[in-house]
Amino acid sequence: MNERIQTIDVLRGLCLFGILQANLLIFQYGIWGKDEISLFSLSPFDTMSYYAVKLFIEASFMPIFAFLFGYGMVIMRERSMERDGKPKRKLARRFLFILFLGYLHSTFLWEGDILLTYGMIGFILLLFVARKKKTILIWATILLVLSSLFGLGAEIAADSDEEVTSYIKTTNHVYQTGTYLDIKTHRNTSDPGDLLDMPKEAFLFISVFAIVLITPMFLYGMYAAKRKWFVHPAQEQGRYRKGLLFIPVGVTLKALPLLFSGIPVLGVLSLPGSYVLAFGYIFLIAYCFAKWRSHPLFRAAANVGKLSLTNYLLQTVVCTFIFYGYGLGLFSRLGVFFGILLGIVLFSLQLIGSTYYLKTRKSGPFEWLLRAFTHWTLPWKLTKRKESQNLTPKQSA
């Protein structure tokens, strides 16, 4: 059990690095601007860096986080069944807190929030958490196929829109020079549903439908937990080695829509390609950890993983200050390549900071709040931890 938890913590920690690199496109160019990069004057080197991020990172690390979310949900249910037999109450409270935190995060800080979506999906996952492994696997695969077809429809329907272009240009100006209130107002009142002349009811339906259709990776994580993957990493290296084949397959599937963007039907490959590459990264990290588990990088990454919620929110605070007008105002000015370097520096600081922090504390402030709300208890202090507790299983629940 202890080894499995360490593997999951390492996955969480290194996944946050990929998420940061992908999110830096949003921090720099906005949630709409990142996909209309031709509106920005990128150097050839930045353009190359942009497509490298799109191919190897974007949409392939967030699914890992979803996988781990589903995995952790099964673990929490099993532990709760052993203790009091009331897992759904705790899980529901946990998702309510994540939902509330996501609302605050998206409303007051940043439009790229994932917590709100995760909180919503959590309630959907309650329908599956007690199901058999085979049932979960079938549903995950069905939803993956539907998601791919839905993505194909979006690719075919998409076209250049003058209002979207105008919105991106306005966002660029507001985010570069605006005050906190200017940016918050623009983010919360410029509704993409209005920009695309879409009825709000239709936009709401599509949003809810999209939430349902991005659940496959959560379900695959639940399936993996029920199969007890990553419990004995040293004994599972054969599986991990075979899983490395997912990497070239995933890269190929993701590359085709990028290389042949004029063929909309290839858009159907983008989502499964992202998921396949995500699985490849999962097995790559697990394999490397199984072989070199004592390496300081993995211990530091596990510490980042233990503080994943706090570190995720901290990335938002730091990056919005760097790029938005109420801070350094570098929105669309830094460039993709230097953004990648910035991500490396910031994550390195998180590796160091998390390791130092966990020498004296058991959990991060937001992990503490989440645990308190989940278990409906109020541990008044972030109690001091012992050296021997550095990698205890309970911290990865």
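Positions of Cβ are set from backbone N, Cα and C atoms, glycine also.
Per TrEMBL, the features are as follows:
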type     : residues : note
DOMAIN   : 224-376  : domain 'DUF418'
TRANSMEM : 12-31    : transmembrane segment
TRANSMEM : 51-71    : transmembrane segment
TRANSMEM : 91-108   : transmembrane segment
TRANSMEM : 114-130  : transmembrane segment
TRANSMEM : 137-158  : transmembrane segment
TRANSMEM : 202-223  : transmembrane segment
TRANSMEM : 244-266  : transmembrane segment
TRANSMEM : 272-290  : transmembrane segment
TRANSMEM : 311-331  : transmembrane segment
TRANSMEM : 337-358  : transmembrane segment
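Ranking 12-31, 51-71, 91-108, 114-130, 337-358 by CB pairs under 8 A with the transmembrane segment (244-266) puts 51-71 at the top. Long-range contacts of the transmembrane segment (311-331) within the same chain: residues 16, 19-20, 23-24, 27-30, 105, 109-110, 112, 172, 174-180, 182-183, 304, 342, 346, 350, 354, 364, 366, each at least 6 residues beyond the stretch ends and with a Cβ under 8 Å from a Cβ of the stretch. Residues belonging to the domain 'DUF418' (224-376) score a mean pLDDT of 95 in the model. For the transmembrane segment (91-108), the list of distant contacts is 73, 76-77, 80, 114-120, 122-123, 126, 129, 184, 188, 313, 316, 366, 369-370, 373-374, 376: same-chain residues at least six beyond its ends, Cβ to Cβ under 8 Å.
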